[in-house]
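S.K.: So Swiss-Prot has the following annotated:
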BINDING   GLU71, ALA72  substrate binding site
BINDING   GLU71  Mg(2+) binding site
Amino acid sequence: MQQNIIKVIVGSKNPVKVNAAANAMTLLFPEYQIQTIGMDAPSGVPAQPMTDSDTRQGAINRVNYCQQHAEADYYFAMEGGVDHFEFGPATFAYIAIAHQQRLSIGRGALLPLPRQVYQALEAGEELGHVMDRLFNTVNIKQKGGAIGLLTHGHATRESNYTQALILAMAPFLNPEIYL
């Protein structure tokens, strides 16, 4: 018996993002074979988005680019960013999912950031580089991320993306009530 295939284009070749997409879709559609393909998709925002709106726009820009340059069943984009909220600085990710001319936007959990980390970001550094320097790691953004380091591995960048993707899929899982 041949298994049906769901093709997902991910707006990044970062293995954390591609794996999160595969994990989310495998959990949601266990009866299907999930084919995830990473694509270099420009965000159109700074390399380190420093606002909620830039982060959201980066995810939307990536998913739009993927739709224009590849054929798939679903298009996923994840954009990590930071902002300074009333309770302090935090990092988070926006999720954009496109399917059949519909778009769903979601956001991952907020991770409070140490003030010294946020100050380095304000000075123009990227979060992954700051965390690598602070924790003496190499390319942490393609591994557990700041989330993994600051939670001692109890959560990771990938687990946060996986959960956020599953939540952002709700309109596609229940199209009859998301009109």
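Positions of Cβ are set from backbone N, Cα and C atoms, glycine also.
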S.K.: So how many other Cβ atoms are close to GLU71 (substrate binding site), meaning within 10 Å of its Cβ?
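M.R.: The answer is 8.
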S.K.: Looking only at DSSP and grouping its letters into three states, which state does GLU71 (substrate binding site) belong to?
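M.R.: In three-state terms, GLU71 (substrate binding site) counts as coil.
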S.K.: Quick one: give me the count of other CB atoms within 10 A of the CB of ALA72 (substrate binding site).
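M.R.: Counting Cβ neighbours of ALA72 (substrate binding site) within 10 Å gives 19.
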